[in-house]
Amino acid sequence: MASNQTSTQQESKFTLPMNDLEHQQVNLDEHVVDEKIFDYTKRSQWLRAAVLGANDGLVSTASLMMGVGAVKKDIKVMILTGFAGLVAGACSMAIGEFVSVYSQLDIEVAQMKREKRRNNANKIEGKGGGVDEDEKENLPNPAQAAAASALAFSVGAIVPLLAASFIRDYKVRIGAVVAAVTIALMVFGWLGAVLGKAPALKSSARVLFGGWLAMAITYGLTKLIGSSGL
């Protein structure tokens, strides 16, 4: 009996450290999984923002070209209108994103300074330059965000421009723009759904309907105003 109790106590002594090791391993695995999920979330947010920016460029530029095309059949006027919309939209997106991200940067830098002063006041060791450098690397970059927004908008805006650039016939040119925009809207809607974990068919249909509606309203109103002689 004594030998059995001794062996049981020895087994329990050796079992506890193994449980601790297993618990630490589980926590480490969960931490790695959390980091992977966080990285994927940040990446998907950037990609989804790029898709939305490209969709904005596509719809706004195509609507401008359709609106001007409703009253002016000249290909040069239509192309110049689309190009002006591309440049103006890309600049607007870049400036807006730069201002927005710079405001976010100011808030995060101010928060870092407050935390640093609090750490210095409490004389907490280990809060040296290494942590500050890591935090600075994770700060948002306004110039990078502005360039990404302008590029995404330009990618979407170039689609209707390319579709209309080499077609002289007015009706064929309008049909080519509508067809190219339709395909691009479906692709952008599908990408947005994949990145946002949403139903692909429903998302594509929603984006497609919105793009068609924007072009139809612009075309109809411009045609109405142009034909009234204003």
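Backbone N, Cα and C define each Cβ position, glycine as well.
Not measured: the values here are computed from a predicted model.
Per TrEMBL, transmembrane segment is recorded for 75-95 (among others).
If you look up TrEMBL, you'll see 145-167 (among others) marked as transmembrane segment. Beyond its flanks by at least six residues, the transmembrane segment (145-167) meets 46, 49-62, 65, 75, 78-79, 82-83, 85-86, 89-91, 93-98, 100-101, 173, 176-177, 179-181, 184, 188 of its own chain at Cβ-Cβ distances under 8 Å.
Here the transmembrane segment (174-195) has Cβ contacts under 8 Å with residues 44, 47-48, 51-52, 54-55, 58-59, 62, 65-66, 69, 156, 159-160, 162-164, 167, 202-208, 211-212, 215 of the same chain, all six or more residues outside its ends. The transmembrane segment annotation in TrEMBL covers 174-195 (among others).
Long-range neighbours of the transmembrane segment (207-226) within the same chain, counting only residues 6 or more positions beyond its ends whose Cβ lies under 8 Å from a Cβ of the stretch, are 55, 58-60, 62-64, 66-71, 178, 181-182, 185-186, 188-189, 192. As annotated by TrEMBL, transmembrane segment applies to 207-226 (among others).
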